[in-house]
Each structure stands twice: as structure tokens, then as C-alpha cells.
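To start, the structure itself, in C-alpha cells.
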Amino acid sequence: QTPLSECLFFFAFMQPTGDAEINKVESGALEGMEGSSKCSRPKINVELLQQLLDMGFPQIRAERALVKCGGTTVETAIDWLGQHGEDVDIDEPWAPEEAPEAVAPKAPLTEEEKKQKAKELQAKLKAQRDSQAEAERMRDHEREKKRIEFGKQAQETLEEQRKAALRNEEWLRKKQKEDDAKAIARVKEELRKDRAERGFASKDSEEEKKKEEEQNRIKEMRAEFKEIFVGLKAAHEGQAKVAAETMSKYLNNIIKNPTEPKFRKIRLSNAVFQTNVGSLTNGIAYLQKAGFANVGEFLEVAEPDMTRVQAAHTELQVQLLYC
């Protein structure tokens, strides 16, 4: 290059202009010079290139960043690398006629300025890495949140299917029981007629009447227990299942151990009892209907009516299918 073109280029390089203006000045300087050829190789700041190399960036990446971002500051080069670090051609070698030419700036940084600049850039790089790590952590958190939510929904679906299956089984058992009862009733009616013809009708009729009365009594008790528990469930939807399970355990203890006094008493101040039953609407009322009486510190069954206790327990088992 001639001295004039060198001066014009150097002046253009040091101004806060972009690549377009630099190329414009270079073209103006070279135009009209006989025998000169138009320069197509981009020029980059050797100091900026060295700083990027000192920070560990590969030479081709550093050169490409300075060319693409205009070569004004290391910060803009780093920003460009952050945005284009995954480009397929980021590490592609330059063609000989396209390789950038590194030139020195007019006023190089002092050693102190270089250290300060490097320190600032390292801090910026760390901030970028920290930001990326935080973003990844948030993405992981969202993925885990979605996984838990999906698992919860799947579990709820399985629970609904289980309850539906239990309700269907209960319906089938009830229907089978009704069908069996009808069949037995038909047989009994035939036997009754036969015995009546032979003079035994009076005794059989009395026994059948007692059984029928007992069955009607159990049905009435079941209906009363159901009404009380439905009231509890309406007032405490989310706690009804635990309440039913807790009361069922109390009643089952009496059924299995009818002569054991310790199983016929419930301390009213018991924390578990208060949380699961005592503090709920109709909780104590259900147990009182089953035969428990309030005797101060306790709910107690003095002489349990086992038919009533069994009816209360059976109704709870049925209600658990719908909780």
C-alpha cells in the first residue's frame, strides 16, 4: 500500500465506525491509484484478538467474532460468540482470500488497562455462565414439577378406577345376595306350604316373623347410620375417608373383642380421635348411634348391642367405597 492509503486506512480503523464505513474509506483511498487492486480481506484489531485468545477462545472463533460484530469491543465479540457458538460453520477455516488481517490500534491499552479490561470481561463471562446455569436450573425445576403433576394425575386416575371397580363389585355382590335371597325365599315358601299342610305352620311362621323383624331393624339402623355419615361427608369432604377408617377400627375392635373393656372406651382428649373424628360434624353422633355414651373423659359402650355395632361397621365399609 502507498503511504496515503495506509494513513487513510489507519484513520478509518481508529474511528468509532462500523465495517461499512471502514470499507468505504478504504475504497476511496485506493480508487484512482494506478496498478492498485481492491482489498477484500477484512481487518481486525490485533489487541482485541489477543484478549480473546488469552481468554481461551480458539483463533478462528475469535477472528470470526471480530469480523462479524464489527471488531469494536471484546464485549460485542463475546456477545456474538454467545449467540452463534453452536453455528455449524463457527470453526470452519478461512479461505485464503477471506482470512482477516490483524492490525494494531493507534493507542494500545496499558498493562493496567489490559488487566482491568480482562478482569471486567472475566466477570461478564462468569455472569453469563451463572445466568445460563440458573436458566437451566429453572428448566429442570419446571420439568420436575410437570413430572410430579403428571404422576399425581395418573395416581388420581388409578384411584378413581379402583373405586369404580370396588363399587361395581359391591353392586354385583348385592345383586347376587338379592338373587340368592329370592331363591331362598321361594324354597322357604314351598317348605312353609308343605309344613302347613302337615300342621307345623304356626312354629315356622313365628320364626320367620322374628327373622324378618330383625332384618328390618338392621335395615333401619343402616339407613340411620348412612344419613349421619352423609352429613359428615357433606361438611368435611376431604376428611370423610379418614373419619370412616378411624371409626371402623373402633367398631371392629368391639366386634372382635366384645368382652374386653379397653376396646369399648375412647378417650375424648386423644389427639388422633379429635383430629379424625371428634372435631368433625356428626363424628361423635355416629359413634353414639352405635352405642357409645359420653361418660366425662370417655366415650364408652357399657353393654354393646352387637347387631347395632355390626350395622354401624358394615355401613362404614360401604361408605368407604364412595370416599
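Cβ coordinates come from backbone N, Cα and C, glycine included.
Not measured: the values here are computed from a predicted model.
Note on the compositional bias 'Basic and acidic residues' (109-144): residues 47, 51, 54-55, 74-75, 78, 82 of its chain, located 6 or more positions outside it, place their CB under 8 angstroms from a CB of the stretch. Annotated compositional bias 'Basic and acidic residues' per TrEMBL: 109-144, in sequence order.
Per TrEMBL, domain 'UBA' is recorded for 43-84.
What TrEMBL records for 98-144 (among others) is region 'Disordered'.
Annotation comment: TrEMBL describes 193-216 (among others) as region 'Disordered'.
Across the compositional bias 'Basic and acidic residues' (109-144), DSSP classifies residues as 34 helix, 0 strand, 2 coil. In terms of DSSP helix, strand and coil, the domain 'UBA' (43-84) has 31 helix, 3 strand, 8 coil.
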